[in-house]
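So that you can see what the record holds, here are the features copied from TrEMBL:
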DOMAIN    C:16-236  domain 'Glutamine amidotransferase type-2'
ACT_SITE  C:16  active site, nucleophile
BINDING   C:299, C:361, C:362  Mg(2+) binding site
């Protein structure tokens, strides 16, 4: 009998979160508090690297931040003037300590540390090419590729080597690098991931994944990192440069729908407000006769507020979330799955009994949890249950930093609306439209397109996906995807087209 | 440098939670899941005693349930057909493992285990009397008194000894006892604590603190345990008896306001619904010109919903709670206190900036957290902040199972409304009236009075408080309390009137 | 698969060790170092109670001293001017934390702590009697009886209550008691256990089980505690008193043979020197033609030295002991038993191959380890193996503080010399005579008898054994024991004659 | 206050121990038991890599073997048919988990694991050269160099790459490599480290550091690995090859004196027997008038036996070693040092008081422990203390796998015999001669020279020491060393002569 933390049953996994601060006397402590505010972006591992009197020191471990640093001496070891940190989501099979970031290497002439949020789509090709040239990889993380590219670049300076390496990797990435003399931040050319710069009251700079982490440490928001930027922070202050100008904003819409905290702003849009608008527009697009609205706590509470207000229905607490960490013990799978949901969520009979309930959820991925929630509401006496999803149907795989690289398990990719309605056991089912989503987010973007990546919903991928093409080819063969990427300038020679899907899964890690 | 879990900064501490099941093959597992649903009632310790082939086995430890049972072998050791469990809140100084319940004693002729939720008001007198007669107490818990009273009773049978002991203790208590041959449940004559009976689909009986725990294990609610009842569950089924008929319901109003889960029903009233009504009535009693309503998550969200609906204002997520366990490291006290709040709560600038905010909270005890929340909202740009408290002002000490036995730290006991408004830094401050509270709870009770204990707010104590009289005398001397208890029939001879306050604090433990 | 520390395979278990110091500013640290020197007397639990500014504080845990105190804050918690400590051997089934000593009780009028080395032979009777009068025992340890006897004594002062209690218990015991105002040491009327007083260079007094612990902390030996003494150490210095003068020295011979450290002196006799003399006399009594002598490390090295010198044979390292803690994983029992021995001991082929070996061991209890050692020596090529045991054959049960209360597992109690020789697979087998043992120890005692308890070997028990009489009756029925105890003055009325053996085993704990 | 295991105070640190087995169904378990028998060779870390169905799995950690594998699931994870393991001694600053062996790398086309006992003298040069060519090192261990050399070799097959790499490294090394298809063992051309092949009763091959590990698992000794050999063990059995024939046996004499277990045989010589002969010859070379002989337990007991027998003096247990792990808490350094010795060793007053003692020790390195032992013997009443060291004076640094690379702390390198005698506080001091040492070991070697490395004592280094030359140059400048290495054939081009000593110390790790 072994324990299994219930959080693993999450249907769609977040990506990673990163935080860095330069020149502050409590750098590691601030990083700890900042990472705590980003814990929702990764619960499987955490680490901090700090610069203490010209040397980098690393502490990292498996599990939640508070577990990794439960021994206070670990933070004490990291006292110094600058630090970067990482919280991590790990795919199955990649859970070893060697993959926990920030990665750190000790060259005889310099020390370098690296934290990454995203997914490098040509990592496998690059790794094979590097190994054929004698490189030894210690981790199975795609992140390590960048270190080898920097090390092997023939450019004259570290800064040029870094630019060289950034131009070689593909996909979605926000990188933080720390050396004894500077901190660097770089964002991919499409800006798939949120990445912001802030400033402490005394002027020290912070770069991190979400503005919520700035609030958590008492810092002020300065600006979003822009696609293609390479930012240097050192004793001379902050310098903004570009490693490429061939950029095109495509921030991942899932950040607004699901990943980011409601109190974060991304490119000027507050996430809670966007979610509430998704709920409002959903109520307008897909009205329903009902007695009350119930949101799935906690992620769907904003959308439920918006839906209830627009529909003129009372918003009730028909589902209650247990705020304590749940652990189930091994039971036959189905029983355990139900147990896990029951330990996290309870339906409230005295609220829903005899009532027609609109259940508002932010998304449906596999549908297993939704199905059980519906069952619990009916068990508690709800007379009707109507699901309204505050985002479009999730039909296509993702390759830019989300753990959903095949469509096999996606409910909406495999079943019709009628089939889904039946499988979930609901009286009606409806999704927000893609246009509604774009309108709800209302990104103040003036370039071509929407500035958003909505590939999950419409199959339009904004950039080539390199090593994942065989995967996507499978999806295309199933008639799912109409992929027409825009051309990009700097293809890498090692691009391969015929990798086996299994190999990809073996080697792949989301950072 | 040492770590401090942030949860200790809670301004008012919950009491304990208990759960017992008889005759089920997964008794210990059910107890674990039930206690998980009651974790909000006590986070400092947890334990389970199970009856395995006629012998009782105990596992207990300090910390959260999931920590105590993180080693799965601990639950495995408890396999058997019946079990009782306990989650515990511990006052400072009483945190030793020997106080963690269920307590267990091995007599040469029987085994007995005991779990308790409440506070025995004559425990200190009884303990002194027992010690003078040679008793040795191992714990500092008031709960152990009952074991000695049972053991020393001259009644002929265990059942009669138990009744004898129950008639001797005073105060608020819900007891669960487990022997190798039966489980017993007893509630105090005023029914201060919630206590319910449920049934598993296959008929096995459960007795526990809240209906939420019944839902969590898939059991059906049968009835509330009534004041003065002694219930026996054994191989012959369930037997309801009374150890006294001199009863008078006075369920603690704080259970509805703050302690119980929103999905629990107490004496037929759903807690979320009662809270929402508190919010509605508060909006009617204390209206305010404002742009939006913000509830303090998570405990005040129901009241905020009610307030917003009644006031016709949008209910917004202007405060976000971090769902992960926070740990602060030792810093100068004020800094650490703020850090602790910041790690739990964030104000959302893009929601509240430039807005007149109604901040709805369930209660104010010391006011320190409220003050900092107001400060965060202003820092985030709120133009006005109006606090509306969905319960009356908390002015009097409590002796029936809540950790607030002096008025020294109670904000409302020591300052006028104007002073409080200034201290909290708000534009206005208002509380729900006691009448509004009673109306919102709307208890279907047909006896004398309201069926509620509202002593916190009005100083009317429904029963003598024995060993705490000196404490109360202090409060009276300050002109705070107009205490006129009704007479009760079975006074205990050991009642003492002149104990020193300090001694009381040393010896006192809330179960 | 679970781990099993190899040390559990020890054939005869040591008793407990105790250490106390009064008035020293590093009292807890000294106690820690003293207990470390006594670790051989008990490895299953350890604890220290210290007097810190008038209050007693306790730290205790399961396992080795270094494990229990691996967190340095545990010792820090115990800073104060006096302390007592205990290392414990626990019988199966009594391994709970509640049995770990020093025991501590908090009465409303005083605090008291107790550490015990020995075995109270009328503990079960006393416990039953006390329970019938309402006492509640928390531990299953026989030690707790003394606390209840003190508490219930009708004598006027604590000191008189203590004397009263000491006169009521029977068997072998060395007690250390600590209160906020004094430390007390008491030894049973036969002096079964070693117990010594020492003094630090600055004059502070220490009382402990062995002189080795005095050496370990840099203290000087002052005197052996005498049978029947009650010693008080407080701010006025050291006071020697007697709670009884009906005394008769019978120090346990096994302390010299096996339990005590070779560097300890007991009643003026150095243990190593006594063992070496046992080896010399054994060589004289039981000569053998051989090439070399091999002692079983570490306990038999002194005896082997003596045997080799007397026999004129080379003393060789034919068996090597691994100095690191061994842990075996669960395997079929016989395999695991062999594995456990192999992990602790290795035979050295290049030393013993082709040689006639005299294997010197201190004792044979069950014979299983000896049998395997013989097998290893033969596997390593020894041409002959002759066992010489440096103590008499162990045939009778022990009741004064050693874990061997039945004769079922005693090899010598159940088999003839010829049978044993065959079972062990040796070319010859011989034991030291009882007279030889007494001569080797050479106790400077001038009373009646030898001053030694040799009941293991000859069945002469120096005092009634109360609750164990049924056990002994079984042994007598088998024709093993010729028990004729001397009369003693103060029989206890609760003595019972017909207890079942199983009950005894359940309730019995060696301290 | 932090704890410090006393074992760190060891004056001369052992090297590492390695163990490998091929084709046995309990491969990981055997490796565990084998490493347990080698624990004396390294206590700071342990690890095992096993081949389970064609994939290598690694478990490793800091601390003793029994700590690293205290969770039995770690061994369970390693079930498979072959395994290699390592126990490690780590120099200060190199204690990270990434340095714990066996190292493991996952190439996209193969897996490789490596365990190393020794010290590569040109590791720093090689590492710099490799890094300049783009290599990234994860560990600071010299062992990792071999992996990069294999990976970057241009030879066509893995076997040829391995030979290439073995020909490039210099110094003392015994390597075990495991791939999914074979196990390899290689010894340096001078055979500095012991390395033996054994066989299980069912024919499976084992290669390990000492024969004691063969005994521990029930295996039979087959042969010593010879200098320059490369042995392959796979499904076809055992194949012996040479990667070089330019070999010259120089087994480290310290293995006989101090490092190896007394029950091991090295090149046919039993270690206990050699030590006993060292004691005999020492008694002949350096006789002394005395009453008794006392050996320092445990390492010097063999030599003391030999001395006592040759001198005709009684061998007594005047010093007793505590067999339990000692931990001291932080105290002022000198006090703590003494405390650490006291916790490990006690002098026995009743043995030594008034006696002239010959204290036999195996070696003197820094002399601090010896000095304190002498002091303890005098405190215990010894009238005279004469030290006799059963090896020559230790004057020169070591570079082939022992942690003593400077002479700064070597007592004998810095003081005359008279000075040492005074510093130690002894009545006389004498060492065994180098000739006596060679005669005592009596190696059955028929090549040039003695077959032994005695550089510690005479400064004759059998091979160039490459990166350590600056260190040695310092020693030469002090007039200590008359280094004239024999020429060797295959110099490496990267040899550097002017490295700074500090850099060397930073980078250096003994495997």
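Placement of Cβ uses the backbone N, Cα and C atoms for every residue, glycine included.
Confidence over the domain 'Glutamine amidotransferase type-2' (C:16-236), given as mean pLDDT on the 0 to 100 scale, stands at 92. Within the same chain, the residues at least 6 positions away from residue C:362 (Mg(2+) binding site) whose Cβ sits under 8 Å from its Cβ are C:257, C:258, C:275, C:296, C:299, C:300, C:303, C:389, C:390, C:391, listed in sequence order.
In this view, residue C:361 (Mg(2+) binding site) is surrounded by 20 other Cβ atoms within 10 Å of its Cβ, with every protein chain counted. Cβ contacts within 10 Å of residue C:16 (active site, nucleophile), excluding its own Cβ and spanning all protein chains shown: 28. The two recorded residues residue C:361 (Mg(2+) binding site) and residue C:16 (active site, nucleophile) have their Cα atoms spaced 23 Å from each other.
Within 8 Å of the centroid of the Cβ atoms of C:299, C:361, C:362, where the record puts Mg(2+), the same chain has further Cβ atoms from C:257, C:258, C:295, C:296, C:300, C:303, C:360, C:363, C:389, C:390. Note: none of the recorded positions C:16, C:299, C:361, C:362 has a C-beta at a distance under 8 Å from a chain B C-beta.
In the three-state DSSP classification, residue C:299 (Mg(2+) binding site) falls within coil. Every protein chain shown contributes to the tally, and the Cβ of residue C:299 (Mg(2+) binding site) ends up with 19 other Cβ atoms within 10 Å.
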